[in-house]
Amino acid sequence: MSSQENSESLPEAQAPAHGAVEHAGDPFADPGLPAHKPRIQDIDERAAKRSERAVAFLFFLSMVATIGFIASYVIFPVDKIVFIFPFGHVSVLNFALGLTLGVALFCIGAGAVHWARTLMSDVEMPAERHEIAAPPEVKAQVLADFKQGAAESGFGRRKLIRNTMFGALAMVPLSGVMLLRDLGTLPEKKLRHTMWSKGKALINMNTNEPLRPEDLLVGSLTFAKPEGLEEDAEDFQTQIAKAALMLVRIKPEDIKDKRELEWSHQGIVAYSKICTHVGCPISLYEQQTHHVLCPCHQSTFDLSDGARVIFGPAGHALPQLRIGVNDEGYLEALGDFDEPVGPAFWERG
Amino acid sequence: MKKLSARRRHPLAAVVVLLLALAATGGLYAAFAPAGKAQADETAQSLAIDEGKKLYSVGCASCHGTGGQGTSDGPSLVGVGAAAVDFQVGTGRMPAQQPGAQVPKKKVIYSQPEIDQLAAYVASLGAGPSVPTDSQYNPSGADIAKGGELFRTNCAQCHNFTGEGGALTNGKFAPSLEDVDPKHIYEAMQTGPQNMPSFPDTTMPQKQKQDIIAYLHAVNSDQSASPGGLKLGGLGPVSEGLFGWIFGLGALIAVAIWVAAHTAKAKKS
Amino acid sequence: MSTTTDARREAPAGERIADWADGRLGIYSLAKANMRKIFPDHWSFMLGEICMYSFIIIILTGVYLTLFFHPSMNEVVYDGSYVPLQGMHMSEAFNSTMHISFDVRGGLLIRQIHHWAALIFLAGMFVHMMRVFFTGAFRKPREVNWLFGFLLFVLGMFTGFTGYSLPDDLLSGTGVRFMEGAILSVPIVGTYLSFFLFGGEFPGGDFVARFYSVHILLLPGIMLGLMVAHLILVFYHKHTQFAGPGRTNKNVVGMPLLPVYMAKAGGFFFLVFGVIAVVAAIASINPIWAIGPYRPDQVSTGAQPDWYMGFSEGLIRVMPGWEINLWGHTLVLGVFIPLVIFPLVLATIAVYPFIESWITGDKREHHIADRPRNAPTRTAFGVAWITWYLVLLIGGGNDLWATHFHLSINVITWFVRIAFFVAPVLAFIATKRICLGLQRRDAEKVLHGRESGIIKRLPHGEFIEIHEPLDAGARYKLTAHEQYKPAEIGPEVDENGVARKVSPLQKLRAKLSKGYYGEGNQIPKPTAEEYQEITSGHGHH
């Protein structure tokens, strides 16, 4: 059908002889585009009809799927979970909507492509390329125009105008930069301090109750927050991001670091839960090795040896919190951390 | 050398190279696969203790010593309590089969009455946590959401958000908690098996352990819902990325090949 | 006068509308140039379409999600329908994402389509970029478009990262925390940058809203512009094609936009959308309900970013923990070095086209896509880069490789540390050898023909396999590539015996050029004489 017209209007496509002349001399010469070979659909009307029906069927299937989508939306409750092999216990609504939408879309695409592949002309034709770069006379014209424009503006001649304009343009973005100042507060000493201070009781993260030394057994792992920090407080997230504490009890004779032992209470050691690498809550404590691993980047610290780094990308030991027991027998902090917790930064020192 | 280069074009050369590569990979794997040590634990009542002692001397004494005092191959079991024995033997971890970074879960070889006897014997060696009763670990009526929060604070760092497990140092790992018996979860928290720290009742009361068990049951049992479809292991972006590449982009490229392929030409006849 | 009006009245409605538009927009001239524009057929030429369509899908679904998402970090208590989170404190961002997933009908599907399409978009761009790289389709006149595409990939990474962080869940929050730590490591200004980004101390109450405007407006806006420019250039340059009979550097052979490509490319959009919808129907992605709301003191093992950020995760994981304290200041090299290498990894591949064009000194336009084997050094470089990238991806998932292959995390980390330097070199050497081997095979095929698989016994008892000579088209295809000659510096002294100045740069260029095109670095194409000699001799088998 249309293939006939196309090939007539573009004789080159049908002329495999292109280049064939030199062929005898050069065995590697371009023999030119091969002649178009017809598809079954081009010569057998019944095959073409079959293709037509297949395309129409795909479009029809898409319509059915869209109706299925609408029906699923109406019929299936949003919270209904059913078991569908092999996907598991899934939301039937999500499954039905996704499949029907997928089929509706896919069939439109498949129909269109099948149509193009079997019924539209598949005669390949060449189009000439043209060089991207402009011919020299165009370039000369443009340069001349530019020179004339530049001269008319006096840009090169009136240096005062040019220089002040550059100055103004260079300065005006400063207003925008200024406006960014209030994006945040200044760091000041904020990264150096946490909520911990002398006398603050260690509150069990789980029970929200103060901890006693006898609550902590050798080999156990407990997390604590400072007294007075409640989960519904407005700045809870910001405070806990620095104050989170990890408590383990190690037999005093197993503690290798002298200061660690001094700062502990009967072998109960309190370390910052925030990794000194980039701040993940590190707490993968192995009670037999006393190693604690960060789940984000695998920095490993030895809690029995001043929490020094024994593997991974962290640059320094976890800060230890000095703890003791108050008059009522509860564990308390004996001050803030003596160094900033969390990731290192330029001013950390 | 000449012989070798002459034969490298042999049709079977590719097969030989492939086999060599496989062997080398296997060798490297064997060389680098973690190797390490083994450990164990155990607990007690008069008759049961005697029976337990017999079982102990056959199955456990070689590593843990004849009186449970421990040897270079296994830690002391004095004071570990009945709960530890019930967990270790009840999940098949003990008796340990081979040395490794960690003793994994495997087929249980003792019957529950035998485990109870072993537990009774080990408990008689020194006081420790006893085997929890059903009322202690039964999660019915527990607060699932609270359990979730507790899980994320205390457990997820090793066991993953929904208890799929994760890696520890030098080949050790936190196992998957999928469909683990509530009793065993409870015992593990109570006793801290192998390198897991313990979470005793003094810092994590019984009620909270039940909350955690209830949460795990809700999110990681074979009945747990995954509304969005395939859970992909519950491992997060790595498995999602692999799935996206293979089944997402892979399917699209397959489709693209179909779209761009030449339609079959009519045969010349 | 009256006749023309009559004619206009008689014209069909479509034509009249087109006339109206032409009078104002000049559409006929536009259509004349483009309606029958020729596109070559090859599956790998459709990779870009996968990207474009997934980008459109992301925009469509993204707009839907904004109708329900609240970009706020105000704390609320969850009372929605997902039981395991009821009563939990969470940000409004997380709460509204839960609402979309559990209470908006179809909300979960749209969320999943959005996220799956994002992963596929980035994966598609990666593969598309590699296709362009390995076929040398970045050469003149397409260098600028290569850069546009590269920028789209990088911007896509950051758009993905900011979007992934919006639900304020525990996993993405961990990623944001990492970002804060990385920013803090920047010397001198790091602390200030972090405070300005987060509105004060981490996590503060601002970053979701800020990421939101970056994610839905700033980055996609730039990307949309770049993508349009990218497409205009594809149209303007016309597509590259592989060499073949009748396919030369001066033409493009294929089928016209109307109707074939209208149907194929238009249909392909629906195919892409359909496939992604099915993926979203059957596979869960980023199930934030299982992950939980963000708390800076909680974490899960296996904390990874989406795949396209995985290589940066690998960099940061395998870096040794170097830290220098001097004069009261800390230089956090353990974090800052990976932060610097991160853009370098990407830039390495981005600048390659300019390096190659400097080495070849070739100023001509190239529209024939290379077969990768015919550019062995380039191909080897590309494979080395991919190897580098993959090694880092392995490093980024070291914990999962450890648990799933029962390996030690420490051993994997050490493996990656070494492979980071060694693996690309090995990949380079191996790839180059393979390419040269394939070139040799091509030359062999051209001269001796294809192995037919037919065994013939000669009268004197010898068995030979009959080689069928290639047809002219196949011969042309296998010899159409051009081979450069290595650049010469020329004699050290000029004709007057005066020492010529050769800059070190020129020497480097000559050396590189030799590495590319010198003896042993490419297999010379068979010459017509060789061919004639063999074919006329009849002694071949």
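Cβ coordinates are placed from backbone N, Cα and C, and glycine is handled just like the others.
Quick caveat, the model's predicted, so the values are computed rather than measured.
Annotated features in TrEMBL:
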DOMAIN    C:17-243  domain 'Cytochrome b/b6 N-terminal region profile'
TRANSMEM  C:45-69  transmembrane segment
TRANSMEM  C:115-134  transmembrane segment
TRANSMEM  C:146-166  transmembrane segment
TRANSMEM  C:178-199  transmembrane segment
TRANSMEM  C:211-236  transmembrane segment
TRANSMEM  C:257-285  transmembrane segment
TRANSMEM  C:331-355  transmembrane segment
TRANSMEM  C:375-395  transmembrane segment
TRANSMEM  C:407-431  transmembrane segment
Mean pLDDT across the domain 'Cytochrome b/b6 N-terminal region profile' (C:17-243), rounded to an integer, is what?
95
Stretch of maximal Cβ-Cβ contact with the transmembrane segment (C:115-134) [cut-off: under 8 Å; candidates C:45-69, C:257-285, C:375-395]
C:45-69
Would you kindly check C:45-69, C:146-166, C:211-236, C:257-285 and say which stretch has the most C-beta pairs under 8 angstroms to the transmembrane segment (C:331-355)?
C:146-166
Counting a contact as 3 or more Cβ pairs under 8 Å, with residues at least 6 apart in sequence, do the transmembrane segment (C:45-69) and the transmembrane segment (C:257-285) touch?
yes
Same chain, outside the transmembrane segment (C:257-285) by at least 6, Cβ under 8 Å from its Cβ: which residues?
34-39, 46, 49-50, 53-54, 56-57, 109, 112-113, 115-117, 119-120
